[in-house]
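Colleague: Sharing a structure below in structure tokens format, with a few things to ask.
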Amino acid sequence: MDLFGVSMVVPLLNLHVRSLGVSPVVAGIVGSSYGILQLFSSTFVGCWSDVVGRRSSLLVCILLSALGYLLLGMSTNVFLFTLARVPVGVFKHTLSISRALLSDLVTEKERPLVLGQFNTASGVGFILGPVVGGYLTELDGGFYVTAFICCSVFLLNAGLVWLLPWRETSLNIPDNGWSLDGKHTTEPIKSEGTLQGAATTSTARRSERTVQAPWVEVMLALKDMKNLIFSVLWDVFLMRLLMGVAVMLYYSNFVLALEERFEVRPKTTGYLISYTSALGTLAGFAVGPILRLYKHNSYMVLLHSSVLTCLLLVVYSTTCSMAMVVFSSTLLSFSTTIGRTCITDLQLSVGGAQASGTVIGVGQSVTAVGRILAPLLSGVAQEISPCGPPSLGAALALVAILIMTLNRPPFSGDGSERLKQE
């Protein structure tokens, strides 16, 4: 439901801001505001969810994101459009918190498969959303109606989070089960494999200091993660940044580029986006078998999916045939879905389960840097050619592949080995 609402609006943002009378460069700067806010909020919100519990943080994020889409439905000028992106940029971390919750609930070996299934469920929302958004945007005032519908979907989601039966595992809460929500306290539960050890480590660390205010707990957790992030995860985050920007450049002007290059209407492009989203959903089911084929070596799966993504971006950028656009988009839906799952699994494998919310939050901050850079680079590249953004994306993907090739980690599928060596 989350991505159904978002996918109605996001593909139309660039088209809408251009309709407000701004140049591609200004549109890129406005688009970067979302990434800037995500940069400063992702790690903090992820760590906050480690401290106060997933349910409370998820509910707050959904409600304030709904406010942002409500304001977007009133954005009749660039100032209001930028203002509407503020609450969404700060609090749209619903998927990150959900991934952290899933990481709490499963063992390390099960995690890639479960994350793949989660991405599959998320992709279902992307099947219908672009079709609805593309249809509505061709109506008079259609973009504003689409934004209001997205707001309503988020409010419905908040109601589901509040009303449905809820049980979560939190590996980083105080021993007394403190929670923002007095009625639904969170209690640690035992698990197996790496999670049990992580919980033991977390409990031992908590017993050495007294229970403090939640914001103090957040800052302490962030401080604990600093050395881990910069000494162990730098290469994983760099790969995430480069591949993230590459894919964002491909999507940044997708609707506009197809209209300029092939005279394809937004409604038809919406059908194409939904088609590729459906394929991305199916790709989520393939993650488990592919990892078994690679003997759970997420790094090699990520490397090969990145090579495929790079080649497909080159094909999309240079083709003069709409059939080749459909072909490249079809395979890109597979390669990007698999790559996204593997990079998340690598982060959690190397970073450890005891601070999954923080690790995913830092990963989202890296993605936020990409969301800052991608609109700016896309705006400049579009001044040259509609094919400029995906061509630049292919170049960045090639750099990421070279880094992955030259800096292969001394582990296969188990991130704990790397932590021992560090």
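Keep in mind that glycine also has a Cβ here, set from the backbone N, Cα and C atoms.
Per TrEMBL, domain 'Major facilitator superfamily (MFS) profile' is recorded for 1-412. What TrEMBL records for 20-40, 52-72, 114-136, 142-164, 228-251, 271-294, 301-327 is transmembrane segment.
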Colleague: What stretch in 20-40, 142-164, 271-294, 301-327 has the biggest tally of Cβ pairs under 8 Å against the transmembrane segment (114-136)?
Modeller: 271-294
Colleague: Please check if the transmembrane segment (52-72) comes into contact with the transmembrane segment (20-40), where contact means 3 or more CB pairs closer than 8 Å and the residues in each pair are separated by 6 or more positions.
Modeller: no
Colleague: If I take every residue in the domain 'Major facilitator superfamily (MFS) profile' (1-412) and average their pLDDT values, what number comes out?
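Modeller: When the pLDDT values over the domain 'Major facilitator superfamily (MFS) profile' (1-412) are averaged, the result is 80.
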Colleague: Same-chain Cβ contacts of the transmembrane segment (20-40) under 8 Å, 6 or more residues past its ends?
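Modeller: For the transmembrane segment (20-40), the far contacts come to 13-14, 76-78, 81-82, 85-86, 88-90, 92, 252, 364-365, 367-380, 382-383.
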Colleague: Same-chain Cβ contacts of the transmembrane segment (142-164) under 8 Å, 6 or more residues past its ends?
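Modeller: Cβ under 8 Å, 6 or more out: 1-2, 4-6, 8-9, 12, 16, 55, 58-59, 62-63, 65-67, 69-70, 72-75, 94, 132-133, 135-136.
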Colleague: State the residues, same chain only, that lie 6 or more residues beyond the ends of the transmembrane segment (271-294) and have a CB under 8 A from a CB inside it; answer 'none' if no residue qualifies.
Modeller: 7, 11, 112-113, 115-121, 123-124, 126-131, 134, 254, 258, 264, 300-301, 326, 329-330, 332-334, 336-338, 341, 413
